[in-house]
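These notes concern the structure reproduced below.
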């Protein structure tokens, strides 16, 4: 089976679907002010045709309610500028393209569109024809839009996914060079870490080059993804998954060879690696870069404070929180896990993930490192 056929979130609307388990993104409120600033600066710059039709691409939109949370924030940011100008006629038509791989559950996405349009008219006074939303399926590591056609490109929690498993993870004798590991983790040797970094460098460079061609001069990109600000200071979702698969091997429920042949195309870069690649590729200026922490169990309760490390790591809801974390992890990785190990293993694996998540939450290290980076396409010399 081709890798792209399983590199998607779990579809549908069941208990293990991404739609039911993606609410944690709603609590990453650090992104919204930067998003608003990007869009408002774009509109005030009076770039070509932007006040007639503002064109947006959401790269790696996945499925579920949070797809439209981002869209709503974009629309509200655009309309906020119109309100400041006190001229409703200056509100541009908005055209938004939702992008993900062909296997993404776009059916679930567009089932939510009628209610989104109703809420948009109620909250923003926008008729359906003033905000046009469509799909643009395909890999965001390839061309998606015509040259110099887009004003703003956005991607949230996608760019840590690589286009392929790095080469060099198997020796000439066919033995795994990353035994006991499923990605570039703490136990991986330097050659493995270099292989993953090399693949990320290649992919991120391609991403920047291709999408710089699609953006108009001085167009913007806002990217948020997993990083490793503190080297292995606290385990991320991949570490939870790796620990849990190893538990199944130790307990005799899974063959060691199955684990050793499982390599996930994910890499969490450092901010220095991100900055270096952007500067070396050369198409963009870095306007803003910030790292922050998102807790494992964000989305478990709307009453929690998820702005940082402020909440207590121990809770009377510990087991429920850990089960929530396991459901989120399963909703993200189930297609690739089922493809390699088979579906029968998933319930036992989820149980181990919950047990390991409880331990990490109890230790106070249940956080993901994330980076937000705002980029502006450098103008051509003739435009300066």
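Here, residue 1 is simply the first one shown, and the rest follow in order.
Just so you know, glycine gets a Cβ as well, placed from its N, Cα and C.
When secondary structure is read from DSSP and collapsed to three states, residue 140 (S-adenosyl-L-homocysteine binding site) falls in the coil class. Taking Cβ-Cβ distances under 8 Å and a sequence separation of 6 or more, the neighbours of residue 140 (S-adenosyl-L-homocysteine binding site) in its chain are 59, 60, 99, 155, 158, 207, 211. According to Swiss-Prot, the S-adenosyl-L-homocysteine binding site annotation covers 18, 61, 66, 100, 101, 139, 140, 156, 158.
Take the CB of residue 154 (site 'Involved in substrate discrimination') and look out to 10 A: across all protein chains shown you find 25 other CB atoms. Under the three-state DSSP scheme, residue 154 (site 'Involved in substrate discrimination') falls in the strand class. Sequence annotations record features per position, and here Swiss-Prot assigns site 'Involved in substrate discrimination' to 154 (among others).
According to Swiss-Prot, the theobromine binding site annotation covers 157, 160, 161, 237, 368. There are 22 other CB atoms within 10 A of the CB of residue 157 (theobromine binding site), with all protein chains counted.
Residue 260 (Mg(2+) binding site) carries a helical DSSP state (H, G or I). Non-local neighbourhood of residue 260 (Mg(2+) binding site): 176, 178, 179, 180, each in the same chain, at least six residues away, with C-beta under 8 Å from its C-beta. Summarising the annotation, Swiss-Prot assigns Mg(2+) binding site to 178, 260, 262, 263 and lists similarity to another entry as the type of evidence.
In three-state terms derived from DSSP, residue 266 (site 'Involved in substrate discrimination') belongs to an extended strand segment. Over all protein chains present, the Cβ of residue 266 (site 'Involved in substrate discrimination') has 22 other Cβ atoms lying within 10 Å. Taken from Swiss-Prot, the feature site 'Involved in substrate discrimination' applies to 266 (among others), supported by similarity to another entry.
Among the features that Swiss-Prot reports, site 'Involved in substrate discrimination' is placed at 328 (among others).
If you look up Swiss-Prot, you'll see 343 (among others) marked as site 'Involved in substrate discrimination', on the strength of similarity to another entry. Taking the Cβ of residue 343 (site 'Involved in substrate discrimination') as centre and 10 Å as the limit, one finds 10 other Cβ atoms among all the protein chains shown.
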Cβ-based neighbourhood (8 Å from the centroid) of the Mg(2+) site, residues 178, 260, 262, 263 excluded: 169, 176, 179, 181, 182, 259, 261
Shortest C-alpha distance to residue 328 (site 'Involved in substrate discrimination') - which of the binding-site residues 66, 101, 160, 263: 66
Residues flanking the theobromine site, with Cβ no more than 8 Å from the Cβ centroid of 157, 160, 161, 237, 368 and excluding those residues themselves: 158, 225, 226, 236, 238, 266, 268, 332
Where residue 161 (theobromine binding site) falls in three-state DSSP terms: strand
Cβ neighbour count within 10 Å of residue 263 (Mg(2+) binding site): 21
Minimum Cα separation from residue 161 (theobromine binding site), reported as the residue among recorded positions 66, 101, 154, 263, 266 that achieves it: 266
